[in-house]
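Taking it in order: structure first as structure tokens, then the write-up.
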Amino acid sequence: MSADATTEETLILVKPDGVERGLTGEILRRIEAKGYRLVDVRLVRADRALLAAHYAEHEGKPFFEPLVDFMMSGPTVAVRATGHRVIEGFRSLAGTTDPTTAAPGTIRGDLGRDWGLKVQQNLVHGSDSVESAARELGLWFA
Ligand code: RTP
Ligand code: MG
């Protein structure tokens, strides 16, 4: 694999529901099977300051506080991954936000379920742009 201008890096999180359910290995397996490279993996007990920075765009939305509480409920696995168009590619692997309607074949579609809670516990996060990847990697791999 050679690096070129289309090689990106992204932040992937296995959220506390994924870690708690023992799905970390399965999720990392799917990322690697797609051909992306894991260059750093870290188990993080996120605090409120980290999560407020990470989810700054959602501050004030009704799901913001439940989201922060959920993300503090247990450890998260933070992953620095690289590959050709990995940002778009991982979001495609992850599937859409709501696990009930996420396409079968995706992480959320195959493994996620709607728990009827105030926030979508949807197993994973992936940065959505080059700019957010740089910002989020700086937060989680400070
Ligand atoms: P992510 O940022 O985690 O990769 O997910 P996303 O782009 O698909 O979703 P986003 O709209 O950025 O929302 C961030 C996370 O907030 C939770 N959420 N819950 N109404 C709800 O219950 C709701 N809406 C959003 C999810 O955990 C989502 O991934
Ligand atoms: Mg998002």
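Each Cβ is built from the backbone N, Cα and C atoms, and glycine gets one as well.
Those TrEMBL annotations? Automatic predictions, nothing curated.
In this view, His125 (active site, pros-phosphohistidine intermediate) is surrounded by 24 other Cβ atoms within 10 Å of its Cβ, with every protein chain counted. Feature annotation from TrEMBL assigns active site, pros-phosphohistidine intermediate to His125.
Long-range neighbours of Asn122 (ATP binding site) (same chain, six or more residues apart, CB within less than 8 Å of its CB): Lys15, Asp17, Thr97, Asp98, Pro99, Ala102, Arg108, Gly112. According to DSSP, Asn122 (ATP binding site) is assigned to coil rather than to any helix or strand. Taken from TrEMBL, the feature ATP binding site covers Lys15, Phe63, Arg91, Thr97, Arg108, Asn122.
Residues or ranges marked as domain 'Nucleoside diphosphate kinase-like' by TrEMBL: 7-142.
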Among recorded positions Lys15, Phe63, His125, close to ligand 1 by Cβ (under 6 Å) are Phe63, His125
Expressed in Å to no decimal places, the gap between the Cα atoms of Arg91 (ATP binding site) and His125 (active site, pros-phosphohistidine intermediate) is 8
Given His125 (active site, pros-phosphohistidine intermediate) and Phe63 (ATP binding site), what distance in Å do their CA atoms have, once rounded to a whole number? 16
